[in-house]
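Reading through the structure tokens given below for one structure.
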Amino acid sequence: MVCIQCEQTVQTPTAKGCSYTQGMCGKTADVSDLQDVLVFNLQGVSFWAELGRKYNIIDAEIDAWAPRAFFSTLTNVNFVPERITEYTEIAERYKIQLSTQVMAAAAAAGEALPELSPAAQFVLPATAEEIMNFAPEAAVNRGHEELHEDIIGLRLLCLYGLKGAAAYMEHANVLGQSEESICAEYHQIMAFLGTDPTDANALLETSMQIGLLNYRIMEILDRGETNTFGHPQPTQVNVKPVAGKCILVSGHDLHDLEKILQQTEGKGINVYTNGEMLPAHGYPELNKYPHLVGNFGSAWQNQQKEFANFPGAIVMTSNCLINPNVGQYADRLFTRSIVGWPGVVHIEGDDFSQVIECALAQEGIAHTEIEHMITVGFGRNALMAAAPAVINEVKAGNIKHFFLIGGCDGDKEERSYFTDIAVSAPEDSVILTLACGKYRFNKKEFGDINGIPRLLDVGQCNDTYSAIQLVLALAEEFDCGVNELPLSIVLSWFEQKAIVVLLTLFALGIKGIYTGPTAPAFLTDNLIKALQENFDMRSVGDVETDLATMLAGK
């Protein structure tokens, strides 16, 4: 087992990354090794998918499936070895299908095949034992004995960035959004990584390519969400319990939430969002359901306590899932799509009757607590509609600084930095926030500036796209570059979606971003220095010192 993809991975003076029997996330060594074999086989699929395009061999089914399977290896998604093995076997079938078609097309054209990558040549062993024996050859740090650590680090930066982009591709695909050019570029990058590249410049260029690709993916995901559910509108959300039978929906999948709302109409069941599902309340086509009564709980790392205290059924639609046996609620938990935990019921299709039956069988919430309302729904349209008023306040000198504070949350004490920055921001500043990092401060009162709320909840992590649109509009209005705006970006990271968002910001030329609470363990000192030199990437430090630097525009 070698896994170094998330912020909580083991870091000691002598070693970096989870190894031995279990990762910090709870996945076993066997699951980790199986994920490595799956990713390796997916690189082989992409080799043939990319080459196939030369002969007009394009399979939409494979284009949709490949990033979905890749998503299953993201942190806190799937812990079931049988499911990972099944994905690997499907990848093998697709690889054989594509390679057979491509070789026939090349032969018909009288053309020789290019050199095959190791992943393209790989033949999946027939037995589980043989697959596990092969796993070290598919390890994410393969070749580390001979290669400079910077090359391994760059490979991982690209691999983990592309994994985050693949997750957003799947979210978009669920909503009917896909573009052939995006799929083609995904396969091209995945195939390149399957060649075990050693050119540092090529890898750096690829990391920026991934960032720009993800910008396009976030754009079509935004289109899918707004076309399906309407444009988010500023909406108040109750964060206190309401008496009654109940279902909690966590993850990121708005489609699943809609299906649950439709199937629970008239059944006396209240539906709550959790984690990254909080922004759902801002979408008109979801908020129209009166039994979507509020948000329960906070960020993913608190779920073992919060889910244990939730007296109803729980649906995990995507990341982030952690061990449900700790809080003894596995019998009330249901997984969807690429998510899985051993022994937990997994739901295929759109029939949530098992969830409904479970909810009705539970005690439900006994008492309604006094409401506590927070505001969400400052998506792209809402932000752009507010832009003229914001610009007027800037010109009048009433708004002097903007902060974008958000990203993935986690349980390290150092993450209090993000709370402290938000509450310490001067009253003539506006804070944009997104992703589950917002839970650090989104229940606090920030007031407003002449009717403009000082705290604007932009949405999920992928809604970075919306924040970028506002930033670009401000830069155009004030005839300056983004980096000349009175804007400070402070991002907390935990997993691969945050990595690709960071690559997107870098690829768009945005500099001076503060990141933390720690640097990714897969980045070497040399790579961190390179990111600092090229993008002015900054590590979070002392709140007072950092805030003074931000406000001074340095």
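Keep in mind that glycine also has a Cβ here, set from the backbone N, Cα and C atoms.
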Among Glu225, Glu276, Glu476, Glu477 - the residue Swiss-Prot places in the same hybrid [4Fe-2O-2S] cluster site as His252, Cys320, Cys408, Cys436, Cys461, Glu495, Lys497: Glu276
C-beta crowding around Glu276 (hybrid [4Fe-2O-2S] cluster binding site), within 10 angstroms: 30
Least Cβ-crowded entry, counting other Cβ within 10 Å, from the binding-site residues listed as His252, Lys497: His252
Additional residues surrounding [2Fe-2S] cluster, by Cβ distance to the Cys3, Cys6, Cys18, Cys25 centre under 8 Å: Ile4, Gln5, Gln8, Thr9, Gly17, Gly23, Met24, Lys27, Ser32, Thr75
8 Å Cβ shell about His252, Glu276, Cys320, Cys408, Cys436, Cys461, Glu495, Lys497 centroid, hybrid [4Fe-2O-2S] cluster site members excluded: Gly275, Trp300, Asn319, Ala435, Gln460, Phe494, Ala498
Candidates Cys3, Cys6, Cys18 (binding-site residues) - the one closest to Cys436 (hybrid [4Fe-2O-2S] cluster binding site) by CA: Cys6
Cα proximity to Lys497 (hybrid [4Fe-2O-2S] cluster binding site), best match among binding-site residues Cys3, Cys6, Cys18, Cys25: Cys6
C-alpha spacing of Cys18 ([2Fe-2S] cluster binding site) relative to Cys408 (hybrid [4Fe-2O-2S] cluster binding site), in angstrom: 20
